[in-house]
Amino acid sequence: MELWNFTLGSGFILVGILNDSGSPELLCATITILYLLALISNGLLLLAITMEARLHMPMYLLLGQLSLMDLLFTSVVTPKALADFLRRENTISFGGCALQMFLALTMGGAEDLLLAFMAYDRYVAICHPLTYMTLMSSRACWLMVATSWILASLSALIYTVYTMHYPFCRAQEIRHLLCEIPHLLKVACADTSRYELMVYVMGVTFLIPSLAAILASYTQILLTVLHMPSNEGRKKALVTCSSHLTVVGMFYGAATFMYVLPSSFHSTRQDNIISVFYTIVTPALNPLIYSLRNKEVMRALRRVLGKYMLPAHSTL
C-alpha cells in the first residue's frame, strides 16, 4: 500500500454524514439552522454575562466559558462541513486536519474539566453557602478556567503530534465529519494498536474522574436539597442543577461513546451521528437549557437586548 506523499497539495478526504445521508439537502439545511442557533444563543449569552454586572459571579463566569467553548467547538467543524458539501469538495490538508484535531480536542477536554468545576461551584453554593465567596473567589474561579484551558491544550497538543507522526495511506478516505483520532488511525499505514490502547486508557482517565466528581457533587447537593425547609429554595436549586445535569448527560454520553466504548461497538454511521450531536446539536442546545430555565439570565438578556440591540421604544 502506497504511503502518504507529504506535499503541500496533499490532503485527506472527509466523508461526513452529509455525503452519506439519504436527504443531504434537508440535513444541510437543518445543520445550518442549528449552527446559526448555536452562534446566536451562545453569542447572546456571552454578551449578557459580559455586559450585565449582576451576572459577574463565579457561576455565570463559568457558564460564559462554557458558551465560549461551545461556540469555538462548533465553529471548528460546522462551517467547513457545510462549505465542503456546497462546493462538492471534501478535501482537507494535512496541516488543516492537524489543526482541526488540536482545536476539537482542546475544546472537548476543556469542557470536560469545566463541567466538573461547575458542579463544584454548585456544590459549594448549595451545601456551604456561608463560605461560598471564600471558596469560589474571583481568583479561584479564574484559576479553574485557566486550568481547564491549559491542561486541555497540552493534552490536545500531545495527542495531535503523536497521531500525525504516523505514515498515512494514499487514496484513503476518513469517513467522519471531522479529523478525530479513532478515524484517522484507520488510514494509518502502521501498527497503531498500542496507541489505540493508550488513547482508550487516557480517554477513561480523562473522563471518569471528572464524571465521578460531578456525580459525587450532585449526590451531596441532592441530599442537602431534600432537607431544605423552603420549597422555593428547593425548587430553585433543583432547576439550576437539573440544567447542569442535562448538559453533563449530553456531553459525557457522546464522549463515552466515541472514546471509551471499544471499537467493536462502533459503526461509521453511528459515529457520524454522534459527531453531529456533540459538535452541532449540543452547542446549540446548551445555552437554551441554561438560559430558558434561569430567571436571572433571562432578565439579563432582556435588559441587554433592550439597551444595546432594540429600539428605544422597545417594550422589553
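Placement of Cβ uses the backbone N, Cα and C atoms for every residue, glycine included.
Feature annotations, reproduced from Swiss-Prot:
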- 1-25: topological domain 'Extracellular' (TOPO_DOM)
- N5: N-linked glycosylation site (CARBOHYD)
- N19: N-linked glycosylation site (CARBOHYD)
- 26-49: transmembrane segment (TRANSMEM)
- 50-57: topological domain 'Cytoplasmic' (TOPO_DOM)
- 58-79: transmembrane segment (TRANSMEM)
- 80-100: topological domain 'Extracellular' (TOPO_DOM)
- C97-C189: disulfide bond (DISULFID)
- 101-120: transmembrane segment (TRANSMEM)
- 121-139: topological domain 'Cytoplasmic' (TOPO_DOM)
- 140-158: transmembrane segment (TRANSMEM)
- 159-195: topological domain 'Extracellular' (TOPO_DOM)
- 196-219: transmembrane segment (TRANSMEM)
- 220-236: topological domain 'Cytoplasmic' (TOPO_DOM)
- 237-259: transmembrane segment (TRANSMEM)
- 260-272: topological domain 'Extracellular' (TOPO_DOM)
- 273-292: transmembrane segment (TRANSMEM)
- 293-316: topological domain 'Cytoplasmic' (TOPO_DOM)
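With Cβ pairs under 8 Å as the measure, the transmembrane segment (140-158) is packed most heavily against 58-79, out of 26-49, 58-79, 196-219, 237-259.
Within the set of disulfide-bonded residues (C97, C189), the lowest number of other Cβ atoms found within 10 Å of a Cβ is recorded at C189.
Beyond the transmembrane segment (237-259), the same-chain residues lying 6 or more positions past its ends with a Cβ under 8 Å from any Cβ of the stretch are 66, 108, 111-112, 115, 118-119, 122, 126, 180, 182, 199-200, 203, 207, 211, 214, 218, 221-222, 225, 228, 265, 270-271, 274-275, 277-278, 282, 285-286, 289-290, 293-294. Averaged over the topological domain 'Extracellular' (80-100), the predicted model has a pLDDT of 88. Residue counts for the topological domain 'Cytoplasmic' (121-139) under DSSP, split into helix (H, G, I), strand (E, B) and coil, are 16 helix, 0 strand, 3 coil. Assigned with DSSP, the residues of the topological domain 'Cytoplasmic' (220-236) fall into helix, strand and coil as follows: 13 helix, 0 strand, 4 coil. DSSP classifies C97 (disulfide bond) as helix under the three-state reduction.
Broken down with DSSP, the topological domain 'Extracellular' (159-195) shows 16 helix, 5 strand, 16 coil.
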